[in-house]
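> One structure follows; several queries about it will come next.
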Amino acid sequence: MARFDDDLSSRYGGSGAAGPAPGASRQPVPPGGQRMYKHTIAQRARTMAIYRPIPVKQNCLTVNRSLFIFSEDNIIRKYAKKITEWPYPASYLILATIIANCIVLALEQHLPASDKTPLSEHLDDTEPYFIGIFCFEAGIKIIALGFAFHKGSYLRNGWNVMDFVVVLTGILATVGADFDLRTLRAVRVLRPLKLVSGIPSLQVVLKSIMKAMVPLLQIGLLLFFAILMFAIIGLDFYMGRFHQTCFWVGTDEPAADFPCGLEAPARICGNGTVCREYWLGPNFGITNFDNILFAILTVFQCITMEGWVDILYNANDATGNTWNWLYFIPLIIIGSFFMLNLVLGVLSGERERERERERERERERERERERVERERERERERERERESREEREREREREREREREREREEREEREREREREREREREREREFIREETETSPGAVMASAALRREDGGSNITFSLENNPVFLVLRNMNSKTQRNYTSLLVMYGRNHIHTSKFQHHKPNFKAFLATLDVYIKCLKGALWKCDSQNMYRNNKCLLHTFSCNAL
């Protein structure tokens, strides 16, 4: 395998070595060829990360095991994931339980001496059932997602943290009924917030509010500076003016509950009354511009447009209505119509961005589901290919087995055919020997001699009663061995060959020699013609050795 700094001659036209030596002249690149350049460090790192990743040691905190027990392949965790991802029955059941619990909390009534109505007592009996359902939901999510240590676990989600706090406080309040845990029962007011975790639109609104905190802080600073500016202006215009009112002459009783002035165009007191200070002021002395804090509070009340008209009328009574509009109209336009609407604009824009992010996350989840589905489809396709490959391999193995069986049958058939051919050959040889022995002159002479000796009885010419074999049967052992050796030598070299038709004369000569043997054995020619028999045997052996061997 080539190293990263090696030239690849097969694809890039390199020489296969590490490159030319320093100072060596570069070879010209042929037309249509490519030059191989060395990999950079980043390219090497990426390649090594892909083909040879560094193994990461897993421990109990990094391995994805729920509660350190349930792995991702665990059957219990798989079913827990299916339940949590099952949108219609599971989610709707939890939402119905939360709504029912909210109704139960709303129907509670307070009576003196901590007494309860019969309805409240029956409603309190339903508390363990709600806690049990909430515990079941939390347990299923913890098994499916894990508790806290790895990414995507149960406590890594803020909504799940709120649900866990609600469930935990409910368990403590139910189990510790004999103890003074009434403060924990106050946490039950958070249970309606569990609806937020089950309704996506509410989640979008709350997420947009939380994401808008930084822009809202900037808008709040701008609004504070605007309020501070108008408060300082109000200090210059109305400091101490809201504490003058009309008093009855000679008494300390105020004649009216609104400010007054000493000169027109301010409000002038009527007969029997006099305008003087030391009045508490409107709205029990809260609405005034005596110091910066009360001035900020009064300006903020005007910006909220809650009772700002009364403040305007009090200012007109104290100073007149000639120039007061120059202060209050810009205050309402800038503070109420502009600054506060900036808050709504930020919230609306952040809500739209959050909805877009939510749609993007939904598309991402959809793409992830499609990717997982494609991966599963590819896995199923690979499984089908593997099964088809195994099936083809089994089919090829069966085909090879059938081929071997056919070859074995053909081999056995050829062997049987050769055996039948040899049998037919032996049959033809026996037939040929029978024909030759029945028609040879020596056999005729021997049979005639035998007939003369036997008194002319007829002898059937066959292999069993042929004169040659009859003579063999009557030979002594030594002569029979000599004759048999000649017969075996002739049979090995002629009878079991395909050329025995060509050696018919030799076979006839052999039969003629056998006639001589017969006569010699009968004693007719043994003494007078032994040399002739020896000469014929010698000629016969010479003929066998020349034609057969």
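Yeah, the Cβs are placed from backbone N, Cα and C, and that goes for glycine too.
As annotated in TrEMBL:
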BINDING   Glu306  Ca(2+) binding site
DOMAIN    91-357  domain 'Ion transport'
CARBOHYD  Asn271  N-linked glycosylation site
REGION    1-35  region 'Disordered'
REGION    380-421  region 'Disordered'
TRANSMEM  86-107  transmembrane segment
TRANSMEM  129-149  transmembrane segment
TRANSMEM  161-179  transmembrane segment
TRANSMEM  216-238  transmembrane segment
TRANSMEM  292-313  transmembrane segment
TRANSMEM  325-347  transmembrane segment
> When you measure from the Cβ of Asn271 (N-linked glycosylation site), how many other Cβ atoms are you left with inside 10 Å?
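Its Cβ has 5 other Cβ atoms within 10 Å.
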> Provide, as an integer number of angstrom, the distance between the C-alpha atoms of the residue listed as 'Ca(2+) binding site' and Asn271 (N-linked glycosylation site).
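Between the alpha carbons of the residue listed as 'Ca(2+) binding site' and Asn271 (N-linked glycosylation site) there are 34 Å.
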> Let me know the model's mean pLDDT on the domain 'Ion transport' (91-357).
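84, rounded to a whole number.
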> Which residue counts does DSSP yield for the region 'Disordered' (380-421) in the helix, strand and coil classes, in that order?
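DSSP classes over the region 'Disordered' (380-421) add up to 42 helix, 0 strand, 0 coil.
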> State the count of C-beta atoms found within 10 angstroms of the C-beta of Glu306 (Ca(2+) binding site), not counting that atom itself.
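Its Cβ shell of radius 10 Å holds 10 other Cβ atoms.
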